[in-house]
Amino acid sequence: MTYSINKKHILDLPVYTLPGLFLVKIGFALFFLYVYTYHYGGGELTADAGMFFNESRILHDVFYASPKAFFQFLFGLNNDPELINKYLEATSHWNGGDRFLPNDSRHILRINALLYFISNGEVFIHFLFFSFASFMGGVDVFQWLKKKSNIPQWILLVALTLAPSLAFWSSSIIKEPLMIFGLFILIRALFDNLSPSRRLWRIIIGLLLTVSIKPYALICLLAALIYHFIFSRLFKNLWLSLSFYLALGISILAVSGYGDKIAYIIANQQEDFINLRDGGLYLNGDDKHYYYIYHSNRDHFEFKNNTATLIEPVGAYYMKKNENFERFPMQLNEVGKTYSIYLSLAKTGSKVDVTLIKDDYWQMIKNIPEAIYNSFVQPIPNRKSTWLQYPAFIENILFIILFIMSFVIYPRSLNQSDKRILITLSLFGAFVAMIVGWTTPVSGAIVRYIIPAHIAILILLAMKLDYKKLKQKWIKGSL
């Protein structure tokens, strides 16, 4: 299929280009499978990929028990807790509880459950499907970007399909591949000169995929598009338009009270991730509070049937379940008392320090530099780092070098329309980085969640880097 697409739609490159690149993409899929099966999983696919695959099998098996219930789950026609508990009680991604944004995990379970009819449980077929979808998204946006850049086409195509982090996470069976495909085709629909029909299907599918799989990415893109379609046309000077857009946006959020609501949502996400980062034991106090005990102090308890019995006094924190940045130190002294366990988490190995937002809008604004720094620089290797953190760190360094080359040393002059696109995608990438940096104090998660911003970065570099200047400089230097 890649051969015929290459032959029909990419006439300026050899017909073996797409097949060759997709073979490399399959290599990334195999590497992902290896990492999460053998490096982390001890021979069994683990983490989100393993849970999605196993839980999609549970959903698939519902078809044989009750075809009616299966199609109700497939199309979201019945969210009755009793029905869900009957067939899907063993799942965690479907039974994720209430949340502010839609449960995007269910859509990945649905797609993998359908693929089970073809794969018969062969996991690599699932990997091939998701890898191909994201690969074709990169090919699609390449068809637009090659008209906006003077970088050789083969380099552009390699960057859009095989940039390391992008290729790794888009070769999985989790949320990223279809989100990447959706973002790519949506970006082309928004900025390329397409016929109405070719634009429409991309907008519809792109919107459906992004809103249903990674809603935060779509929210960031829509916020950036407000600048593109409205504010960038208010003044001739685009930097003045940008300043007005940012100042007005920050002010409206502050005055209207929506800023505090956003800060509350972001702060709660941050607190949940801090709990995940630090690990520890959460014991039920009353309906609104629990006791938090450091992971290193678990040996002060004896565990049985989801309960913990205190065997020697231990320091703890008393905190609200929905405002757990307020931690009040105390001592648990009632040896022999049994507590029900609210949550028990192991400590993560890739901690990133973040400043607490504490539901404060202005603190959230102050945290923007820290958030962007963490999103684009982490992970910074240390003595406890695993080898898997080094490729992401090296990639970040390369992005910084390419950014300096594109915007400082070898910048390309752009017309007003392209400058507008450049600023819009810069805003999109910055908004994604802010959300990820605000909420994610774990570098292993940052490298995954920042992927939408990587898409923006690749496009920005391709548009702004003057390859001709770069080539002339190096040719002259070598003569």
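Glycine too: its Cβ is placed from the backbone N, Cα and C atoms.
From a predicted model like this one, the values you see are computed outputs, not experimental measurements.
What TrEMBL records for 16-36, 114-139, 151-169, 203-226, 238-259, 387-409, 421-440, 446-463 is transmembrane segment.
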Outside the transmembrane segment (421-440), six or more residues from its ends: residues with CB under 8 Å to it: 148, 187, 191, 216-217, 219-221, 223-225, 227-228, 232, 238, 242, 266, 269-270, 273, 352, 354, 357, 364, 367-368, 370-376, 414, 446, 449-450, 452-453, 456-457, 459-460, 463-464
Two-stretch contact, the transmembrane segment (151-169) and the transmembrane segment (238-259), at least three Cβ pairs under 8 Å: no
Remote residues contacting the transmembrane segment (238-259) - C-beta distance under 8 A, at least 6 residues beyond either end: 223, 226-227, 231-232, 361-362, 364-365, 416, 419-420, 423, 427
Contact set, same chain, for the transmembrane segment (387-409): CB under 8 Å, 6 or more residues outside the stretch: 35, 39, 163-165, 350, 376-381, 443-444, 447, 457, 460-461, 464-465, 470
